[in-house]
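Sharing the record's features from TrEMBL:
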- 1-22: signal peptide (SIGNAL)
- 36-307: domain 'CN hydrolase' (DOMAIN)
- GLU80: active site, proton acceptor (ACT_SITE)
- LYS179: active site, proton donor (ACT_SITE)
- CYS212: active site, nucleophile (ACT_SITE)
Amino acid sequence: MLPSQALLPAVVFALTALQALASDTFIAAVYEHTVILPDPTQEPVPPDNALALMNKNMDVLEGAIKEAAQKGAHIIVTPEDGIYGWRFTRESIYPYLEDIPDPVVNWIPCTDPSRFGPAPVQERLSCMARNNSIYVVANIGDKKPCSSSDPKCPGDGRYQYNTDVVFDPQGKLVARYHKYNLFVVESQFNYPKEPEAVTFETPFGKFGIFTCFDILFYEPAVVLVNKMQVDTVLFPTAWMNVLPFLTAVEFHSAWAMGMRVNVLAANTHNTSMAMTGSGIYAPAGARTYSYNIKTEDGHLLIAELDAHPRLSPASPPAVSWNSYALSVERFSQNDREFTGIIFEDPFTFTELTKPEGNLALCQKDLCCHLTYKMAEKRDDEVYVLGAFDGLHVVEGQYYLQICTLLKCPSTNLSTCGEPVETAQTRFEMFSLSGTFGTSYVFPEVLYSGVQLAPGEFEVM
């Protein structure tokens, strides 16, 4: 029997544990980090120099982690490249890499740092999680030796992976993910031999994780949501706000809406490379977000989320896109069509020549339908309906189907598709739909000043 003086703390602990296990909500945090970058070099720096740079970045991240924990956060996501930055060759990144074991080894680096050789970065991240009783998600580099008997082994005898790690509140390594869809400039890393679908269970739902460019591909993004049935996606990213995906906030919020999951998106912050835009997104819209292209400040975001969003009454119901597309009134196709380029993709356009109307526009198997009404038709602004159905090949290869209502930079139709800073025309209403050949449809709305407008658009 417990002594009476110990009984009350034990009861309080038991109730707290039960409450955590039964929790329907949790507090999430993401940190947009202005990464301290190494000096560009073709040659590897000494390991101590590499660790010194990483410790400078981890000093900043540790401050954010402590603040998030003090404000009640259960988990925090930090950005891709957030610990060592970029500007690397395959050779020069090597001193920044560590051997990251499979989480099945049941390892707490904070208490057993030398079990798998030198791992000062993993040790420190583990201690951040343990000392603050919070899940910590970070992006670092993994190295794995390989032999000549492996036909895919690189000439230097090792694989190098862009890697996400997750440490639980005890500091244990519970997840390791190797980025499968590398961006075109990531020549310092290898592709994993097979795509990984990495998940882990928590008292507040099932989590999955992938990195940046992965969000545009079936594996792992769709697999995690549809086959693994995760509740929340952890998303370290280094997202540049360039066409065709402007901006991070709009696209990631739309992805959460379209896939009906929570998304914790932590972006790196670098205004010279147009990197900004982090947020905590639910299927019903953004819970909180930040987009700052004016200063170099980092930013911590914290919000409450439903642990199981598909079961939440606040989440929109699942959509049958095929049924919706069949119910849309068919408009006669416009005969005033012309072509234009958006980020090297050939779009078909038609101009909105009247203050209000109905338009239809097709390219291959995609037909886009627009109903609109302007408050006033301006002579100095041109708007077009656009359609693209094809293979996008600029920084990788993936198929896109896009219906877009956009403003042209000038009244010269040859400029349609080029970036636009501002728009003055006010639309009293518009409805844009398409006969998409997929159920993965993500609605985005951009406004002047690149601001998200929660509640201004919806999945119908």
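Just so it is clear, glycine is given a Cβ too, placed from its N, Cα and C backbone atoms.
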Within 10 angstroms of the C-beta of the residue listed as 'active site, proton acceptor', what count of other C-beta atoms is obtained when all protein chains are considered?
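If we count other Cβ atoms within 10 Å of the residue listed as 'active site, proton acceptor', we arrive at 26.
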Do me a favour and check the Cα-Cα span between LYS179 (active site, proton donor) and CYS212 (active site, nucleophile); whole Å is fine.
9
Enumerate same-chain residues with a sequence separation of six or more from CYS212 (active site, nucleophile) and a Cβ-Cβ distance below 8 A; give 'none' if the list is empty.
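Result: GLU80, LYS179, PHE183, PHE235, PRO236, THR237, ALA238, TRP239.
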What is the average pLDDT across the domain 'CN hydrolase' (36-307)?
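Within the domain 'CN hydrolase' (36-307), the model's average pLDDT equals 95.
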